[in-house]
Amino acid sequence: MKKHWLVGNWKMHGNLKANAELFNAIRSGTGELAPEVDMVLCPAFPYLAQMQGLVEGTGIQIGAQNASDHLRGAYTGETSPLMLKELGCGFVIIGHSERRSYQGENDGLMGRKALAAIDAGLIPILCVGETAEERDAGRTHEVLGRQLDAAFGYIRTAHDNIIVAYEPRWAIGTGIAATPEIVQAEHAFLRARIGQRDAEFAKRLTILYGGSVKASNAASLLSMPDVDGGLIGSAALNASEFVAIYKALVEVTKTRLAKGA
Ligand code: PEP
């Protein structure tokens, strides 16, 4: 069975003291990690080195929230995925809706960033999602398909390690999660779209859901059959919420394993 993932996006929050406290509270809440679920924490850039020290020996992995689409060069203010790799990152979030909204990032840039991340040995977590207006206009599949196609136009499916995250923009940070039915339908759509390129790859592709996941809705969202874990924002900053989501995902995964799914 493929691995399930819980990714915490700490966004532009934290400081040295608060990060250590949050990490230690998560760590003591989860205890030893269950083998079925991998955990990735994504602090802001300046704290990656701190996080590298904190996670040592715990099995928790580190990701960045963004990276350049270039590996090196005269790109003032940018961070190369090679640098992230050297700082212990295994993952990088690419195409997050907040970067699309506030930094004007587009589908093509997302594809180039994903390719650079892969070239540097990182696993990109590729975020796709529609706005409320696009959903209301019945354009969700057009938008998701366009975003996926743009990214997979740059990257190869067969052997590259990549995670896709369905993050409807209307559900990010709003407290209003998509319904489990919507999540399942869009995950199935994304898997089928990738399947048109490579059916085997699509089957083993990890697709995370992100958008106002919290302890109270985690089990119902994460138990949808095409959901392989979660990308968590606000609730990742609250240790007891995040630990409860982690435990819900462990239970979901164990149940799937028991059913041989
Ligand atoms: C996110 O920022 O990726 C996210 C899912 O945020 P939230 O959980 O707060 O909706």
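Including glycine, each Cβ sits where the backbone N, Cα and C put it.
Marked as substrate binding site by TrEMBL: Asn9, Trp10, Lys11, Gly173, Ser212. In sequence order, Ala171, Ile172, Gly173, Thr174, Gly175, Ile176, Ala177, Ser234 constitute the residues six or more apart from Ser212 (substrate binding site) in its chain with CB-CB distances below 8 Å. According to DSSP, Ser212 (substrate binding site) sits in a coil region rather than a helix or strand.
Per TrEMBL, the feature active site, electrophile maps to His96. Sequence-distant neighbours of His96 (active site, electrophile) (same chain, 6+ residues apart, CB-CB distance under 8 A): Asn9, Gln65, Asn66, Cys127, Glu167.
According to TrEMBL, the feature active site, proton acceptor maps to Glu167. The DSSP secondary structure for Glu167 (active site, proton acceptor) is coil.
Within the set Asn9, Trp10, Lys11, Gly173, Ser212 that the record links to substrate, no two Cα atoms are more than 14 Å apart, and one pair reaches that distance. With a cut-off of 6 Å between Cβ and the nearest atom of ligand 1, the binding-site residues Asn9, Trp10, Gly173 reduce to Asn9, Gly173.
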